[in-house]
Amino acid sequence: MANIAVARIKREFKEVVKSEEVKSFEISVELTNDTYTELKGEIAGPPDTPYEGGKYQLEIKIPETYPFNPPKVRFITKIWHPNISSVTGAICLDILKDQWAAAMTLRTVLISLQALLGAAEPDDPQDAVVAKQYKENRAMFEKTARHWAYAYAGASNRDPDLIEKLKQAVSMGFEENRARTALSTCNWDVERAAEQLLS
Amino acid sequence: MAEAASPRGQVLCRYYTSGVCRQGEHCMFSHDRDNRPSNICRYYLKGHCTYGNHCRYDHTRPKEVSAKHIAQNPAPKPVPLLKADSQCASHKMVTLKKKTGSADSGIETDLTSVTLDPEKWVKAAEFVPGQPYAGAAALSYSSATRSGLPDADMSIPTSPLPHVDPEVAQTLLCPFAMKGYCRYEEACPYLHGEMCDLCGEAMIHPFDEKMQEEHRQQCIKQHEEDMELSFAVARSQDKVCGICMETVLEKMPPSERRFGILSNCIHVFCLSCIRKWRSAKQFENKIIRACPECRVKSDFVTPSQHWVESKEDKERLIAGYKNALGEKHCKYFKRGKGECPFNEKCFYLHAYLDGTIAKPQPRQRRRRQNADGDLDTFQRILLHDFFEERERMIELELQDALDHLLFHVDWLSDMSDSSEDYSDDETLFIS
């Protein structure tokens, strides 16, 4: 990897570790290999959002041309959000694409992602199903997102109603994660979800 | 004079001294080692030669030179001058006069007479400018080079000259005293200035008030410049590039330690980083022309050794940069042979071969009527862009042709399946 990329990541790594956000447990970064090409980030779900209390893990890949090109970031933790794919974790965020600037850092990227969790852009969606739900049935979206945060990100807000519905689906013989996705896309209508799972 | 006319010059051949002169007998320079005191190391004579035993000049004091002469002329002096002391003195007089007076004309006449006679090339002005070419004194390298200096006056005070014109001497400050020590002290015919408390050199003229004032002004100006420079360095010291995140003045190699100043914002970048960012191809123009920190657009980057932040300093820097570029010929304009896409906005010089500055050309629009009867505007296309475009087109065409071919083959194979009378030749032809 180009020299400048490694040198910069090393510096940034130190910067993130020392930053205020790390001290308040909002973000963190750790190395996954010795060459500084892959890192693992973590952001806390921002307060007053359905993601509150959750911890979201991110996969960060540093391209050779960094910082002249943005890092490739993806959610490892599953999340229900209009701008993040509920299947792959791919993120739709302008600064990770054409609006990147060379002065941005790992820290600013992670903070931006945290801000994205608090301010979704349903008109520029990554996951069309989630975006549709967000626009048409906001209450249902928030319930679903909260449940996903509970199920995957370790948030403590459990919704007994949704858990009950999930149990129903699982008792019908479906795998839990698949059942959850199906229920979420069908606005937690158990029959429709079952139909979708069988089709 | 008789010696001067001999084909071998008076200057000792330096190849001969090293034992490698290929000219042998025909060499224009002297191969007479014994007779040439220029062979004596002048640094040795002064007391210290860094080469020590390895010096290729002799480390002996010239025996034939009288003790009195050494005292008078401590610098190595050519030997033949001994035979005519008076002549030597008059020769010096001539030299001095030439330097103060009509030096140019003297050299010119020398030149013409020398060039006429190839025998005397060795005494050409290149070797002994300002000297009488056929002077009685043999010349050492040092004296030849010394008198070749544009301000040869510097060399004169090394040996106090009995015939120095006192009027001339009284107007000049002794350069040795300026730098701290003149070995002739009180006896020096030149003026020893008073100590300047700003520059710490004895540069203040003892009585000429105009020169005193002049020097003081110079010193103050110099001092201000130094101060400004040290402020600039202090300002730049811990500036960190926003792209590579390194302290710009600590980057390696040192040639990288330059700032790229953006005209419309105050964010710090090193020159190479910001230039690389601005030449990125993967983003829109709007993104890369903007500052990577604040996204304020700047039209150009100005290189600078120091960090410049205040508006006035920046304006001065940019003006200086534009001036410097304005003296260089534009590589697109090519002195009239090419065309510059930036036209009148180009920072570089648009001048023709004869030096006349080109007038800004109005942008020409060429139009034509296309097949539908509409007006088309021709864009100016750089050859490079054209090639790139054409290459892409060729690739596309190839792809098309391939698709076509595959389609034909499919079609043909269908046909050949249905009717067996197609010969193999046809299939071969298609493929």
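Using N, Cα and C of the backbone, Cβ positions are placed for all residues, glycine too.
What TrEMBL records for this protein:
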DOMAIN    B:7-34  domain 'C3H1-type'
DOMAIN    B:35-62  domain 'C3H1-type'
DOMAIN    B:173-195  domain 'C3H1-type'
DOMAIN    B:241-295  domain 'RING-type'
DOMAIN    B:324-353  domain 'C3H1-type'
ZN_FING   B:7-34  zinc finger
ZN_FING   B:35-62  zinc finger
ZN_FING   B:173-195  zinc finger
ZN_FING   B:324-353  zinc finger
Item to check | Helix, strand and coil totals (DSSP H, G, I; E, B; other) for the domain 'C3H1-type' (B:173-195) | outcome: 7 helix, 3 strand, 13 coil
Checklist entry - Mean pLDDT for the domain 'C3H1-type' (B:173-195), as a whole number? => result 80
Checklist entry - For the domain 'C3H1-type' (B:324-353), DSSP counts of helix, strand and coil? => result 9 helix, 3 strand, 18 coil
